[in-house]
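**Q** Sharing a structure here in structure tokens format.
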Protein chains: 2
Amino acid sequence: MSSLTIHASSHDYEVIIEEGIRHELLNYIASDYRKVLVITDDKVSNIYLDDVVRGLGKELDVHTSIVPSGESSKSMRQYERLLDACVEVQLDRHSLILALGGGMIGDLVGFVASTYLRGIDFIQMPTTILAHDSSVGGKVAINHLKGKNLIGSFYNPVKVIYDTETLFTLPAEEIRSGYGEVIKHAFLSSEEWCSNLLQVSLDNISSEQIKDDLMKGIKVKAGIVESDEREKGIRRYLNLGHTLAHAVESELGYGKITHGEAVGIGLWFALRVSQRKLDASLPVDRYRDWLKSNHYPFDILKDLEVDTLLKRMKWDKKTVHQKINYVLLNQIGTPCVVELSDQEIQTDLNLFIKEVRAT
Amino acid sequence: MSSLTIHASSHDYEVIIEEGIRHELLNYIASDYRKVLVITDDKVSNIYLDDVVRGLGKELDVHTSIVPSGESSKSMRQYERLLDACVEVQLDRHSLILALGGGMIGDLVGFVASTYLRGIDFIQMPTTILAHDSSVGGKVAINHLKGKNLIGSFYNPVKVIYDTETLFTLPAEEIRSGYGEVIKHAFLSSEEWCSNLLQVSLDNISSEQIKDDLMKGIKVKAGIVESDEREKGIRRYLNLGHTLAHAVESELGYGKITHGEAVGIGLWFALRVSQRKLDASLPVDRYRDWLKSNHYPFDILKDLEVDTLLKRMKWDKKTVHQKINYVLLNQIGTPCVVELSDQEIQTDLNLFIKEVRAT
């Protein structure tokens, strides 16, 4: 069993990574809960919900609620519906909510837990690689029609329980998506880890390597959010690759590309801009080849308009007074935030789209 | 000018109490906001919104949004509508939301501010006496069909700006409502203040006394919430009088009786139970006479069923495992929490309704 303690401002919480842990869940949750509401999506529920309910034992009063899978469930409508479910089963301040699923579930359910009775305990049980990122750090949210994650809170789980067996059933695009954030964490922290990842083919990655990368990624994230929980400073580094990714996701319509794949592509752009603006020495060509050999779907960028993307990037909640603050790299492991003019971004985007078309 | 600093876990904030302060608001808010959204209700907006907008000066980009007055606006619907307004005027993390109004506005707008972009700055500008209670302590919320304040957060304002001139236009029932919480704060803290208040006629109370009582009440509340922000322990004392009050409010339907009047009546019941259960020596008869001479509408309790009230009291979010924890007084200034059986409450309620009928 691998485990790690995260020091949040509200409380410390443990991340536990282990194969098959869902079958013995009861050993990993505090004993004074009387009632548990497990919330999951309609894909995960088919495969793992029974295991989890059984894993909670017979003593607890366990209820379940299922939302449709997909980003479109991170909505005000599902938020309201889940609050109704909490009221319906009469969760009180001594109850527990268990979020079983990928990032969508973690974000949505975390937001429910953060606001039901002004906040009750919840546990993250991520079932994707991508969720190694979102399950740690306390950001929970739903989407607004005008943008991703515009409505939410900072609210930490009481525990993160990662059953790596649930990753075996992930489709290829979900592995790519997870590794978009994993490799971002590598670029933010370690040349050696980066080099190692750039030699990995996601088609035949071992479960040992996944477990190892998850722990490394979570450590990078934890180190940053522990010193800047509310994103006043260095937490913004975690947005590396995200400004373009969010623009692409919202321009295509959510669900057309996975979040992590978009981040993987956005990272490529951020590396190129880092080369141009900061004269950074970075393995961009190698990274581009890695994206290509691992089938990241950058083709869908070919038909996007530069002006439209720019507009989307400016209406991102990270913009301050309508200028774009971009996370770039001075070198691997040394991120920084740079304010870019519209003109610069336009030029860089034009060059980038040209490169994408040629790749 | 009276002022007081509240030490919350997230940050310190100042409460400023002063007549006419709305006309010079700009002097009291930080200078680095570019955009302000003032949210108020359709009663307050008629009287004070223009003053406030003018008071913010011409440099700031000021927007306004108005919700219908009354408790029914503390709803998911208005919450969503206000979030739309925030998005519409493109508030960012460096914008400010100003909540101008009574407790309903403070709670609703505070919840919006706590969840828009995971929390942006907001200022409370209370316009009722009752709101001296809700504007301090960081509890913000909206109602669910099944209960008051079931959905919310703990989120502190960056400042509380109390223009006591706005209290001059309050109708009699709003003064009674405010003094329901004021006298609760007195019973929680000081025999002398209690004695003084029990001699006050609300019909001709002076603005000096109101200002003085507001500051005293805020000090009591601040002292308690500073040591227990999340209501794990002593903050529950602030619920003195509230268990019955909430039951009465929800049974009658929100808006039939003001919150503070219900608290004033609930306090009467809590004092009687304290006498019976704890043999506490308390001026209950004098308090009953004070309620009567100040026209608290306890008549509406006469037709309520004891069993229905009991049921409502048990489905209150403060119940743990379906038993009722009641805040009682050992003496003035010495509250405690006591678990009461259904049988005890039934007996006490029967006696109480009898007393109400005879008063």
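Even glycines carry a Cβ here, placed using N, Cα and C.
All annotation found in TrEMBL is predicted automatically rather than curated by experts.
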**Q** Name the one residue among B:K58, B:K146, B:K148 that TrEMBL lists for the same NAD(+) site as B:S69, B:G70, B:E71, B:S72, B:S73, B:K74, B:T127, B:T128, B:K139, B:T166, B:L167, B:F168, B:T169.
**A** B:K148
**Q** Between the two most separated Cα atoms in B:S69, B:G70, B:E71, B:S72, B:S73, B:K74, B:T127, B:T128, B:K139, B:K148, B:T166, B:L167, B:F168, B:T169, the residues recorded as binding NAD(+), what distance in Å do you get?
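**A** Max Cα-Cα spread across the NAD(+) binders: 28 Å.
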**Q** For B:T127 (NAD(+) binding site), which of the three DSSP-derived states applies: helix, strand, or coil?
**A** coil
**Q** Near chain A by Cβ (under 8 Å): which of the binding-site residues B:S69, B:K139, B:T166, B:E181, B:H242, B:H259?
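**A** Near chain A - Cβ to Cβ under 8 Å - we find B:K139.
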**Q** Would you count the other C-beta atoms found within 10 angstroms of the C-beta of B:H259 (Zn(2+) binding site) for me?
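**A** Other Cβ atoms found within 10 Å: 25.
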**Q** Going by DSSP assignments with H, G and I as helix and E and B as strand, what are the residue counts for the domain '3-dehydroquinate synthase N-terminal' (B:66-176)?
**A** 42 helix, 34 strand, 35 coil
**Q** What whole-number Å value do you get for the CA-CA distance of B:S69 (NAD(+) binding site) and B:H242 (Zn(2+) binding site)?
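**A** Between the Cα atoms of B:S69 (NAD(+) binding site) and B:H242 (Zn(2+) binding site), the distance comes to 23 Å.
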**Q** Determine the most Cβ-crowded residue among the binding-site residues B:S69, B:S73, B:T127, B:T166, using a 10 Å radius around each Cβ and all protein chains in the structure.
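**A** When each Cβ's neighbours within 10 Å are tallied, B:T127 tops the list.
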**Q** Among the binding-site residues B:E71, B:E181, which residue has its Cβ surrounded by the fewest other Cβ atoms within 10 Å?
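**A** Least crowded of the binding-site residues B:E71, B:E181, by Cβ count within 10 Å, is B:E71.
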